[in-house]
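Engineer: Just dropping this structure here.
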Amino acid sequence: MVMLRSLLVSALAALAAGSPIAEPADQSLEARQLGSSNDLTNGACKDVTLIFARGSTEMGNMGTVIGPPLCSSLKSKLGADKVACQGVGGLYTGGLMQNALPQNTDPGAISTAKSLFEQASTKCPNTQIVAGGYSQGSAVIDNAVQQLSAEVKDKVKGVVFFGFTRNLQDKGQIPNYPKDNVKVFCAMGDLVCDGTLIVTAAHLTYTINAPEAASFLASKVQSA
């Protein structure tokens, strides 16, 4: 697996020209199981709506590394009947090559995420929106939030990033969005957070951060 990652990084480095890139999550059978949630698009409105974008090559629309654990932790803290979890699917394919684009993902992925924020605002006008992104998914959410109207952006109470691929470029925050409402998790040794193409084992460790991230989002919702 180490050799595979090295080959992928080497092959994409020339194309990326210094842009950070996320690599596949755990290749085990368990990690290949689908992880999806469509509480917003298919379910009833809840007090809180979590919109999450998975990392490159992760299955489903929530992935496996941190999406489902974050959803579960947030429901545990706020109540399962109070939280809707929605993964970003559609035009966001989680492909590796998209990491090399200027926004570290592609316009279709950003548009898909943006539409989910807007759907949450219109379908559920009283819901409080929170969001999260892992690896390439962090770039998806970062760019989507930047493009929201002031009205919708005001409903986004908190955002968490894991292995933030635009951490260096955007200085650990989302441009034109309150810095105090963003929490970035960068594991020690995760060089993706330093704006490099070097993917280490640390990039796959964010499952353990689910409770802390959920606590942060819950605190933003409760103080709103």
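The backbone N, Cα and C atoms fix where each Cβ goes, and this holds for glycine too.
As annotated in Swiss-Prot:
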type: SIGNAL; residues: 1-18; note: signal peptide
type: DISULFID; residues: C45-C124; note: disulfide bond
type: SITE; residues: S56; note: site 'Transition state stabilizer'
type: DISULFID; residues: C71-C85; note: disulfide bond
type: ACT_SITE; residues: S135; note: active site, nucleophile
type: SITE; residues: Q136; note: site 'Transition state stabilizer'
type: DISULFID; residues: C186-C193; note: disulfide bond
type: ACT_SITE; residues: D190; note: active site
type: ACT_SITE; residues: H203; note: active site, proton donor/acceptor
Engineer: So which one is it: of the disulfide-bonded residues C45, C186, which has the fewest other Cβ atoms within 10 Å?
Structural biologist: C45
Engineer: Starting from each candidate's C-beta and looking 10 angstroms out, tell me which of the disulfide-bonded residues C85, C124 has the most other C-beta atoms.
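Structural biologist: Result of the Cβ crowding comparison: C85.
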Engineer: Tell me the Cβ neighbour count for C193 (disulfide bond), meaning other Cβ atoms within 10 Å of its Cβ, over all protein chains shown.
Structural biologist: 25
Engineer: If you count, for each of the recorded positions S135, Q136, the other Cβ atoms lying within 10 Å of its Cβ, which residue has the minimum?
Structural biologist: Q136
